[in-house]
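Per TrEMBL, the feature signal peptide maps to 1-18. Annotated domain 'Carboxylesterase type B' per TrEMBL: 21-63, 101-502, in sequence order.
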């Protein structure tokens, strides 16, 4: 951008933001005012469409490019239902294909600001980028612009017939479309399109890692943060040959033909979107797998389609010549506590109690399957399960010790192993990698929301989010302790500084290592 053009944009920005009105190519956007934790005024622009609504013939297709403003956001909401007892019934928000932009009220005076794009987690089957889950009140005490996005989830976002009819990854392609929208429009909000950091947690973290490896996302961001999620984890990309049978199972739920793929997809396009969205829950109920519809390697793509992922992440990192952006990656010290707690509370896929019971469950569990090159090899699964039992559960007489060992096992298998591998492979490519472990357990923990566990064994999965975003949906009227306030300040400073410079430093409660 030339100095003249920048001056024009700055003048226009100052004029429009004075009234919380922004004009983009698709039309005029009206924002509203919010106040941050420290009382700073910010402008919030909600429900901005970045792609055509994925309805009718656009269902199970890549996102359609949006050329005109589609009008005022509709008032309806998706609601995820049928979760295991005790789970939050999470609002999935305004339709996929929409995003939210939050900026400091004085953005025009501050010059081009660094942009942080949040990709929410939820196993690619639930979640939202909405304010009640990921509000700007903490991060926007700093000089930064926050964008949170919604994208297609579950069957609507990740169903694949493993052929050109429906290659899959439409939810990931939605994320790419959102990043392209940010590139093309964020300057009008006072953002710098040449300083974009993507960050996410859990499936959102794995998504941010996948974008680093996808040619479709190249050049759309400049730094990446992955919190408790990794593309090289066994749960992040589905195995070859698994997606098509899942699509056929969905077809069976609606009495649609399983073959050929054109008939299967044509029939599913006519079904109720709400019922389709919840179809993965019906399939999961009869499966040992924790996650069903996730990213997939695309061997074929349709006419005019662009593949998001053409090889498995580990293969890409081992074989391809990559231009990798600076990356901050890590996990909470007891990430697995949430899943081990769920297992014991709801008797699912993991350690639940006594030795014999846990021996049998572990052998057929998702935990073991994700470690095997051939998950159907029963002999190998049994051998791996026995070795895991011997390594993690030496003392089976103490119930507390068994649970603590289960937490460590899930943390290692779901997070630590894949993160170690990815960090090393990135560093071998010459990339800047900061590797951290979050080890602060504050006044609240998500383990008390999702499970019956009361043990304070350290921060579990999701707990780090308490210090980046006010988690009002889970902890209404939450009052932070002084220690919690300190952690909010620490994390937001670290994250925003990384978005600004690509550099972080070692601080209290973090074990942060630069791998180079």
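Cβ coordinates come from backbone N, Cα and C, glycine included.
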Helix, strand and coil residues within the domain 'Carboxylesterase type B' (21-63) as assigned by DSSP: 3 helix, 21 strand, 19 coil
Reported mean pLDDT - the domain 'Carboxylesterase type B' (101-502): 90
Cβ-Cβ under 8 Å with the domain 'Carboxylesterase type B' (21-63): same-chain residues at least 6 beyond its ends: 12, 69-70, 73, 94-105, 107, 131, 135-138, 140-141, 149, 152, 156, 159, 166, 170, 173-174, 176-178, 180-181, 184-185, 188-189, 265, 268-269, 273, 302, 305-306, 470, 488
